[in-house]
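**Student:** Dropping the structure in here first, questions after.
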Amino acid sequence: MGSPFKDHHHHHHPFSLAKKLIPWTFYAMIPLVLFRLYFYPYPLHNITTPILTSSSSSVSSSTPFVAEETSCDYTTGKWVRDKRGPLYNGSACGTIKEGQNCIAHGRPDMGYLYWRWKPKHCKLPRFEPNTFLQLLRNKHLAFVGDSMARNQLESLLCMLSSASAPNLVYRDGDDNKFRRWYFESHNINISVYWSPFLVKGVEKSNTGPNHNQLYLDHVDERWAADMNGIDMIVLSIGHWFLHPAVYYEGDQVLGCHYCPGLNHTEIGFYDVLRKAIKTTLKALIDRKGANSNGINAFVTTFSPAHFEGDWDKLGACPKTKPYKEGDKALEGMDADMRQIEVEEVEAAKMNSTQLEKFRLEALDVTSLSLMRPDGHPGPYMHPFPFANGVTERVQNDCVHWCLPGPIDTWNEILLEVIKKWDYESRREE
């Protein structure tokens, strides 16, 4: 399957878009929760506005900022109070998925909006939308992955909208899983591609098998077919690997995860996640590493959920403040998923040291996100869930992030890495 964007043309070029087994008792309900949370749909429409020009021009020499020469470890730090509040008004941003618009859905507490991440050994500046737009001028930025990729994308669109209005020029697929916005002011395209495994996959459905099918040695061409027209890419996967699945490699069944009734070897999902990331990064290196315009790539690390008990229990994620430093340790599945992603990024960087136009970084947000149990929609994934009184059972989203919310910090770090890369490029000129 090729790109869903294949019929939308561009002026310059076409966009052809076990470890050991984990305990079943601990994760038995997580796939069901995630499946329910990922599918509360948008209305479906096709927008026929043409995609406008984008090229891979270098950043203007008049970029209005001074980048830091030294790198910063953003992974260690603490959340501190910030009287300035959020970077944008959720009610005024039109790109937020309804389930993450917590204030509009009646969330009564506002304290979660007044925190900022403070790294231990360096500074994280407040997001500056004009700087981001200037750095991405004439480029195509793509977010590829599951609904956490979409969550991060929608955060970024809101953060940029105060400086330049994004124009939705394309949408397609169930739940509008493939969309593109155009920023006319800076000739920027920003897209989102639904690809919950990054590799080729067949998702479970009500009419087909009750498990996913992953082909670990084939990248998902729904996004990879567009690779030549992408200048910067943010990859984000993890949660969909918890679902029941059968895995294929070399067209042979490799094993499965939670597949009772099928005559396949249970291998869990840790090694499978590693293979999927390895295949994806190899495809980027092979197709773009020596390409004339190259690519800048990020892997956003695993985002922890914060369920306390059953997903449909009142108070499933009841916290209203961040954890304090030392209150919560990164461990278990959250730590293992992050470690795999970071290790594969480092391995790919080692394999691409001779490629001048391929840059890769882990956007390591797992620890700082773990400290924000207060940042999820919870019951406010639906509008005014207690309008008719409080009930013992209510659906909760303790996976995705409210907008505005902690996920905005991910994009602040994203900008700082882009600034660092630009600084390094200028030194090499």
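Note that Cβ sites are derived from N, Cα and C of the backbone, with glycine treated the same way.
These came from Swiss-Prot, pasted as-is:
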TRANSMEM  21-41  transmembrane segment
CARBOHYD  Asn46  N-linked glycosylation site
DISULFID  Cys72-Cys122  disulfide bond
CARBOHYD  Asn89  N-linked glycosylation site
DISULFID  Cys93-Cys158  disulfide bond
DISULFID  Cys102-Cys402  disulfide bond
ACT_SITE  Ser147  active site, nucleophile
CARBOHYD  Asn189  N-linked glycosylation site
CARBOHYD  Asn263  N-linked glycosylation site
DISULFID  Cys317-Cys398  disulfide bond
CARBOHYD  Asn351  N-linked glycosylation site
MOTIF     397-400  motif 'DXXH motif'
ACT_SITE  His400  active site, proton acceptor
**Student:** For the C-alpha pair, I'd like the distance in angstrom between Cys158 (disulfide bond) and Asn89 (N-linked glycosylation site), rounded off.
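**Tutor:** Answer for this pair: 8 Å between alpha carbons.
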**Student:** When the number of other CB atoms within 10 A of each residue's CB is tallied over all shown chains, which of the disulfide-bonded residues Cys102, Cys122, Cys158 has the maximum?
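**Tutor:** Result for the most crowded candidate: Cys102.
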**Student:** Measuring Cα to Cα, tell me the gap between His400 (active site, proton acceptor) and Ser147 (active site, nucleophile) in whole angstrom.
**Tutor:** 8
**Student:** Restricting the comparison to the recorded positions Cys72, Asn189, Asn263, Cys398, which residue's C-alpha is spatially nearest the C-alpha of Ser147 (active site, nucleophile)?
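**Tutor:** It is Cys398, whose Cα lies nearest.
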**Student:** Using DSSP, what's the helix, strand and coil tally for the motif 'DXXH motif' (397-400)?
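**Tutor:** Output for the motif 'DXXH motif' (397-400) reads 0 helix, 1 strand, 3 coil.
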**Student:** Where does Cys102 (disulfide bond) sit by DSSP, helix, strand or coil?
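**Tutor:** Cys102 (disulfide bond) sits in coil per DSSP, no helix or strand.
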**Student:** Across the motif 'DXXH motif' (397-400), what is the average pLDDT of the model, as a whole number?
**Tutor:** 98
**Student:** By a 10 A CB contact count over all chains shown, which of the glycosylation sites listed here is most packed: Asn189, Asn351?
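**Tutor:** Top count of Cβ atoms within 10 Å goes to Asn189.
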**Student:** Would you say which of the disulfide-bonded residues Cys93, Cys398 has the most Cβ atoms within 10 Å of its own Cβ?
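**Tutor:** Counting every other Cβ within 10 Å of each candidate, the maximum falls on Cys398.
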**Student:** Determine the minimum-neighbour residue: among Cys72, Cys317, Cys402, listed as disulfide-bonded residues, which Cβ has the fewest other Cβ atoms within 10 angstroms?
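**Tutor:** Fewest other Cβ atoms within 10 Å, among the disulfide-bonded residues Cys72, Cys317, Cys402, is found for Cys72.
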**Student:** Relative to the Cα of Cys317 (disulfide bond), which of the recorded positions Asn89, Cys122, Asn189 has the closest Cα?
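**Tutor:** Given the candidates Asn89, Cys122, Asn189, the nearest one is Asn89.
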